[in-house]
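S.K.: The structure's right below; bear with me while I get my questions together.
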Amino acid sequence: MRFLTAKPAYDLTYNDVFMTPNRSTVASRLDVDLTSTDGIELPLPLVVANMTAISGRRMAETVARRGGLAVLPQDIPLDVVAESIGRVKRAPTQFETPVTVSPTTPVGDALTLMPKRAHGVVVVVDDSGAPVGLMGASEAQGVDRFAQVHEVMNTSLTLASPDATPQEVFDLLAGHRQRLAVAVDADGRLVGVMTTRGALRSAIYRPALDAKGRLRVAAAIGISGDAPGHAEALLAAEADVLVLDTAHGHQQRMLDALASVVPVRDAFAERTGRRVPLVAGNVVTAEGTTDLLEAGADVVKVGVGPGAMCTTRMQTGVGRPQFSAVLECAAAARELGGAVWADGGVRHPRDVALALAAGAGNVMIGSWFAGTHESTGDLQYDPDGRAYKESFGMASARAVRNRTRGQSGFERAKAALFEEGISSSKMYLDPDRPGVEDLVDWITSGVRSSCTYAGARTLGEFAERAVVGIQSPSGYEEGRPLSSSWS
Ligand SMILES: NC(=O)C1=CN([C@@H]2O[C@H](COP(=O)(O)OP(=O)(O)OC[C@H]3O[C@@H](n4cnc5c(N)ncnc54)[C@H](OP(=O)(O)O)[C@@H]3O)[C@@H](O)[C@H]2O)C=CC1
Ligand SMILES: Nc1nc2c(ncn2[C@@H]2O[C@H](COP(=O)(O)O)[C@@H](O)[C@H]2O)c(=O)[nH]1
């Protein structure tokens, strides 16, 4: 990346910068290869942040199916994380995992489960696991909530082979004038579902798969507990990436945690032939990046204070504008053959593109994905009927209470004094993009387009060719679309 004019003497946020187009020979946005450049080689350079209100197995499998990666949070009990990893590994890689209910489930209960999937239906299965009907909002309309789903379900199913190509599923659905196909195995048991939109997505995206062809998923480890013990358990549970995560990553405790986890990871690789990348953070300086890489991290997570749930900068004055932090840390990482993830502060597709232009190997997103069907929270409605999910920061009093639940009341109260995040925030679902895949589509099309403007076929080329200028707040404002006229 180069600056259009002289590099300023002050640090820059994503809003402070823009990119100019280059002469390009890339004819189509679909010619751009978005494989991540951090050595982890995700088909899509997007990582879901390890935040309890956001990243669970539903988010993990949905994002991995489109080529990204979710990090399961460190505050979840290890057996629950292992179970979630197992569910992701068992999930179909092309078809979606639907919510299932039995024929005798009350309609009211099925309706509560329905918003947990963007496709908006529940699949009714019998005792053998065979699908016998579908229920969406239209089937339930005007029906007594205590009626049973078998009384209202639609029994006309469009069945597909689990090996059907996306195009075959698309054509099948068009032929039946239906929007959801149900895949069953040779014994008639449910495998998954696919919508027409899902079929299109499956044709465009590649899933993030492990060596055995299963979806990939990452897990986080804190530095306060038994880091090597957690690493051992998560490796045994088949996590694909381990993320050592703390607010102040450039501290001795993190270096010690890395020193204790690296041999565990290496011994596991020796035994199994599976070397799991270690990500560590967060830092915002070249020195921090170098120290973590030299301590054994493969990738360093960059970002102090840009997060939407973050109060660190206001409380401490510590942090760094994120574009400059990523730019400097990515350059330092390259010197050592390492890479960085840009973590936090992403609110628009342009921010993802700018982080990649600055040299990030992957871009981590938390709060933006909180307001989606796939985040872990339950869907709620405000007094105006707008749908939202509740989110909270991982250093908020709420998260700290949760993390310290094994400690004495006194210790917990003491820890809660150091909160550096928001305990409750309403993250509204965008009515036009209520599912995480809708946001992924939006981000991906934006980033593909950024690459063609820069004349780049890969993200490596993008980071080399991007030309970045500095803009005033009115320059940024000029680029914002208007939803109504200005006079
Ligand atoms: N990217 C960011 O800007 C931030 C991210 N977070 C996220 O919140 C989650 C919880 O992280 P964290 O609060 O570190 O909790 P952890 O449970 O990981 O504990 C952090 C450890 O580091 C010690 N420590 C020393 N200095 C600091 C400091 N300035 N801030 C925090 N801890 C410090 C703490 O000791 P003691 O408690 O005795 O001081 C504690 O032992 C993580 O997911 C992290 O990524 C949190 C804040 C900022
Ligand atoms: N200072 C705090 N930072 C936090 C907290 N919880 C999470 N985070 C960081 O934010 C990113 C995600 O950023 P977003 O803008 O996409 O939401 C996450 O990965 C953490 O690094 C917190 O309570 N305080």
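The backbone N, Cα and C atoms fix where each Cβ goes, glycine too.
The domain 'CBS' annotation in TrEMBL covers 92-152, 153-211. What TrEMBL records for D245, T246, A247, G303, V304, G305 is NADP(+) binding site. Residues annotated as active site, thioimidate intermediate in TrEMBL: C310.
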S.K.: Provide, as an integer number of angstrom, the distance between the C-alpha atoms of V304 (NADP(+) binding site) and the residue listed as 'active site, thioimidate intermediate'.
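M.R.: One finds 9 Å between the Cα atoms of these residues.
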S.K.: Which site among G303, G305 has the most other CB atoms no more than 10 Å from its CB, taking these as binding-site residues?
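M.R.: Sorting the candidates by Cβ neighbours within 10 Å, the top entry is G303.
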S.K.: Quick check: with D245, T246, A247, G303, V304, G305 left out, which same-chain residues have Cβ atoms within 8 Å of the centroid of the NADP(+) site Cβ atoms?
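M.R.: The answer, listed by sequence position, is H248, G249, G281, N282, V283, K301, G307, T312, D343, G344.
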S.K.: Do you know offhand how many angstrom separate G303 (NADP(+) binding site) and the residue listed as 'active site, thioimidate intermediate' by C-alpha?
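M.R.: Cα-Cα distance, G303 (NADP(+) binding site) to the residue listed as 'active site, thioimidate intermediate': 11 Å.
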S.K.: For the NADP(+) site made of D245, T246, A247, G303, V304, G305, how many Å separate the two farthest Cα atoms?
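M.R.: Per the listed residues, the maximum Cα distance equals 14 Å.
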S.K.: Taking ligand 2 as the reference, state which of the recorded positions D245, V304, C310 have a Cβ closer than 6 Å to one of its atoms.
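M.R.: If the test is a Cβ under 6 Å from any atom of ligand 2, the answer is C310.
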S.K.: How many neighbouring Cβ atoms, not counting its own, are there within 10 Å of the Cβ of C310 (active site, thioimidate intermediate)?
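M.R.: Within a 10 Å radius of the Cβ of C310 (active site, thioimidate intermediate) lie 25 other Cβ atoms.
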S.K.: Which one is it: of the binding-site residues D245, T246, A247, V304, which Cβ has the fewest other Cβ atoms within 10 Å in this structure?
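M.R.: It is A247 that, of the binding-site residues D245, T246, A247, V304, has the fewest other Cβ atoms within 10 Å.
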S.K.: T246 (NADP(+) binding site) to C310 (active site, thioimidate intermediate): how many Å between their Cα atoms?
M.R.: 13
S.K.: Give the three-state DSSP assignment (helix, strand or coil) for A247 (NADP(+) binding site).
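M.R.: Assignment for A247 (NADP(+) binding site) reads coil.
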